[in-house]
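Listed in TrEMBL:
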DOMAIN    9-144  domain 'EamA'
TRANSMEM  12-31  transmembrane segment
TRANSMEM  43-62  transmembrane segment
TRANSMEM  74-93  transmembrane segment
TRANSMEM  105-122  transmembrane segment
TRANSMEM  129-147  transmembrane segment
TRANSMEM  153-168  transmembrane segment
TRANSMEM  180-200  transmembrane segment
TRANSMEM  215-236  transmembrane segment
TRANSMEM  248-265  transmembrane segment
TRANSMEM  271-289  transmembrane segment
COMPBIAS  306-317  compositional bias 'Low complexity'
REGION    306-339  region 'Disordered'
Amino acid sequence: MESHGEHRTGLLFGFAAYGMWGLLPLYWHVLEPAGALEVLAHRMAWSLPTALVILVLLRRWSWVGPLLREPRRLALVVLAATLISVNWGLFIWAVTVDKVLEASLGYFINPLISIAFGVLLLRERLRPAQWGAVGIGVAAVAVMAFAYGRVPWVSLTLAVSFALYGLLKKRIGLDGVAGFGAETAVQFLPAVGVLVFLGARGEATFAAEGPGHTLLLSFAGLATALPLIFFGAAAVRLPLSTIGLLQYLAPVSMFLLGLLAFDEAMPPERWAGFVLVWAALCLLTWDALHTARRSRVRLRAAAAAAAATPSVPAATAGKQPGPASARPDGTAGELTRKA
């Protein structure tokens, strides 16, 4: 009963996380007349105090010292912060220039880009269904290039930057909250510099559009942190396969917002491109679920076989002393069992 309750709680956190990520275009839209650069700078600047509050409440500081003593990891954090800043900035810009549909495509194809990086950078071997999904994804990008009359660079840049960011996060080895704190610490000073620059040029809207606008810009850090916290709570309660399915909620929400709320054009050839992407994702999801199910069956069979194997009686073992008994640390015994 407790396990079922944990699963249900995890689903609620998962829906909250991906739902908030999917609705972010609405939030960036209401921040007008602030430009994309100002919104990005406020998001970066206000994320650090938000992260500090979270870290204080959770008493999570043990990662700081080891990170500062490892220049290589620190350099990876700087690179990760740069990539996610590019991702944030491009997404905010896409919302301000009515390219939400193109941005949503980027997050739809992100899993396919991640798989491609796994092959190219990590020398991973793909299953046939994964190769098929990647092939369909490439065809979808070609169709979208024809539909737009150009390469869908917004989609590709969002997908590539986020996939590289995920790859770096694995190398850095910090959890969500610690990683958020480290990255926002890197982002803070450049963000403040941008805000000072915009203020000096008279282009800042923070204090010029009323208290409501000021408050909304100040909440940019919280809007960034909350989905991350909810995702962390979901990740420890749900299997990876469920998280993999939930991740599509965000781009689906963005797609619907672009189509219905922002009334962006969607001619037939763009529909064709999106349908191809969705077909690739369906194939990818089926393959992941099928593989996970087969793995569970194999694990259960192995566990059943191990349980059915009779153990050696203690009395018999005592009558046959061998090399294992001569080593108090049990090393010889381990070698004998492995042999």
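Here the Cβ of each residue, glycine as well, is placed from N, Cα and C on the backbone.
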- Item | Cβ contacts under 8 Å made by the transmembrane segment (74-93) with residues that lie 6+ beyond its boundaries | 24, 28, 36-37, 39-40, 43-44, 67-68, 103, 154, 157-158, 161-162, 164-165, 168-169, 171-172, 174, 179, 182-184, 186-187, 190
- Query: Can we call the transmembrane segment (105-122) and the transmembrane segment (12-31) in contact, meaning three or more C-beta pairs below 8 angstroms at a sequence separation of 6+?
  - Reply: no
- Query: For the transmembrane segment (12-31), what are the same-chain contacts with Cβ under 8 Å, counting residues 6+ beyond its ends?
  - Reply: 39, 91-92, 95-96, 100, 103, 213, 216-217, 220, 223, 226-228, 230-231, 233-234, 237-238, 242-243, 246-247, 249-254, 257-258, 261-262
- For the transmembrane segment (153-168), which stretch among 129-147, 215-236, 248-265, 271-289 has the most Cβ pairs under 8 A? 129-147
- Overall pLDDT of the domain 'EamA' (9-144), taken as the mean: 92
- Message: Counting only residues 6 or more past its boundaries, what in the same chain has a CB within less than 8 Å of a CB in the transmembrane segment (271-289)?
- Response: 105, 108-109, 111-112, 115, 127, 129-130, 132-134, 136-137, 139-141, 143-144, 147, 241, 244-245, 248, 255
- Its residues classified by DSSP, the domain 'EamA' (9-144) shows 116 helix, 0 strand, 20 coil
